[in-house]
Amino acid sequence: MDASCTSKVRVIVRVRPFLSHEIPAKNGNPSSCISVLDRDSDSRDEVTVHLQDPETSRKECYQLDAFFGQDDNNLRSIFEREVSPLIPEMFRGRNATVFAYGATGSGKTYTMQGTNLLPGLMPLAMSTILSICQRTGSRAEISYYEVYIERCYDLLEDGAKEIVIQDDKDGQVHLKGLSRVPVNSISEFQEVFSRGIQRRKTADTGLNDVSSRSHGVLVVAVSTPGSGDSGAVVSGKLNLIDLAGSEDNRRSCNEGIGLIESSKINQSLFALSNVIRALNNKEPRVPYRDSKLTRILQDSLGGASHALMVACLNPGEYQESVRTVSLAARSRHISNFVQSTHKLDTPKVKVDMEEKLRAWLESRGKTKTPQKLRSPPTGTLVNAKERGSSVPFRSLFSDEGLTDSCLESTNFASEENREKIGREVLLRKVLSPINANVNQIRHEELASCYKCPVHFEPKTPSTATCANDKFVTISTPLDKFNAMSSSIKSSLMQEYVDILNTASREELLEIKGIGVKIADYIVELRETSPLKSLNDLEKIGLSSKQVYNMFSKAARSIFDNQDDGAQLQ
């Protein structure tokens with residue numbers, strides 16, 4: 001199979017049977033307002049769903065992918081024909097989402113969970129996944145959470161533990177703090193899953209005895225050992241979502257907190273319809289962030305995941321069925337770009353970041369070595385101890401710097417202090433923000449840093465250097481310093497990014513400025529895509545100031561260590 005493919009959102013209809021208390025209201029002979037025209041039971045091509053109001057002459061027709069009526073063994077048939085083909089794709093590194101959509105009381109929770117005698121799509125999918133794991137040596141983990149009044153809560157943790165939805169630089173959704181429980185058998189799954197079901201918010205309304213007051217999401221993640229010497233791990237994920245149903249408060253008789261719950265549910269479903277409309281109209285902005293529901297469905301609607309929508313219908317409610325099927329039919333036109341995701345094992349080679357950066361600096365001649373330094377006029381190498389007090393400052397600015405006579409007459413700072421100040425000036429230049437405009441430094445600033453008279457004006461011949469295949473005139477030592485510092489800064493940042501992409505979690509913790517949380521997020525982020533620049537760290541929630549401080553602390557530690565080494569010598 002290709003590494004990537006385009007996949008339309010597949011939409012099917014499930015019509016639940018009439019309930020026992022609904023039959024007397026229909027004079028003992030209820031008739032469904034939903035039917036299918038010219039259906040071929042063995043075909044997976046589109047079908048025409050026909051809706052007719054029994055009390056009026058109103059009719060509606062919609063094109064969908066499949067129809068499962070009251071006479072079908074709904075749950076088993078839906079699983080075998082629609083859900084089962086998605087599961088092998090998980091073990092090839094692809095993601096999939098199955099979600100039940102419809103009005104309250106239309107059978108969404110029953111479709112996803114089922115009963116002990118008639119299991120729903122969630123336990124049926126888990127049973128198949130576990131049997132494949134036993135044959136392939138793969139590992140399965142589950143997570144279960146709910147979106148309640150626009151907040152996400154982990155249902156597998158004791159207490160109301162809130163989790164945070166975050167996006168990485170590629171727009172993939174990550175749930176910070178969500179627990180993952182390994183399962184090895186269907187009995188383990190049922191035990192863990194039943195505890196989560198008990199914690200999910202439900203209530204008795206005028207339309208449903210056990211009405212879901214939140215959107216429930218079961219996440220099944222599998223990891224499959226790769227073949228060959230690369231040691232790659234193939235990871236895939238299946239999201240099984242039971243959406244809360246839209247409600248008419250005049251019929252549900254909600255009061256108090258029930259009104260707030262109903263309002264948030266309806267708002268999130270309205271946001272879902274806006275996302276589908278924007279995708280169908282190819283609008284430049286898709287309002288995924290208008291609700292938590294649309295954010296967790298972002299990968300399934302116009303993203304990189306296979307998607308299956310199960311539109312659940314009440315056979316006796318014409319108007320509700322029209323609204324549900326209308327939105328479902330529009331969802332069929334959404335295309336997802338499905339691609340496999342491979343997780344590479346963390347490199348086993350230990351990387352010493354500080355040593356690597358120090359070696360690079362010394363190779364470029366940007367730091368002091370104890371053995372030798374470059375002399376000002378001729379470039380000959382001499383012993384550091386034989387150099388005068390002016391050497392550290394002049395070596396920083398190469399040949400064209402302040403004169404020895406000026407430095408020798410300076411009594412305000414010792415040699416060590418001037419050397420330290422010089423390195424700090426270079427470091428500030430190197431670690432300056434990326435967007436900062438630091439093209440020039442005034443002579444007065446440099447003179448004040450080194451306690452030199454302001455009237456000093458160095459005169460040096462104009463030189464030329466080649467940058468980006470263009471000759472740029474360097475008329476002063478400061479111009480040369482500015483060009484050098486820009487190169488140092490960009491090279492240092494790239495070296496820092498390379499190390500973040502290869503270091504293990506323990507090695508990341510040894511880097512100054514990186515704590516446990518940041519290290520975990522870096523490891524998690526690069527599983528899907530390696531870092532390309534320091535700006536990528538902002539996609540895991542860090543501000544530009546935090547990213548700059550991380551890089552600054554790591555680089556400053558190199559110069560601090562050099563000071564300690566020089567003192568020991």
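Here the Cβ of each residue, glycine as well, is placed from N, Cα and C on the backbone.
Taken from TrEMBL as is:
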{"type": "DOMAIN", "residues": "8-334", "note": "domain 'Kinesin motor'"}
{"type": "BINDING", "residues": "GLY102, ALA103, THR104, GLY105, SER106, GLY107, LYS108, THR109", "note": "ATP binding site"}
{"type": "REGION", "residues": "365-385", "note": "region 'Disordered'"}
{"type": "COMPBIAS", "residues": "372-381", "note": "compositional bias 'Polar residues'"}
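Across the domain 'Kinesin motor' (8-334), the model assigns an average pLDDT of 88. Of all the binding-site residues listed (GLY102, GLY105, GLY107), GLY102 sits in the most crowded Cβ setting, with the most other Cβ atoms within 10 Å.
Other than GLY102, ALA103, THR104, GLY105, SER106, GLY107, LYS108, THR109, the residues of this chain whose Cβ falls within 8 Å of the Cβ centroid of the ATP site are, in sequence order, ARG16, ALA100, ASN208, GLY245, CYS312, ASN314.
In this structure, the binding-site residues under consideration are THR104, SER106, and the one with the smallest number of other Cβ atoms within 10 Å of its Cβ is THR104. Fewest other C-beta atoms within 10 Å: among the binding-site residues ALA103, LYS108, THR109, that description fits ALA103.
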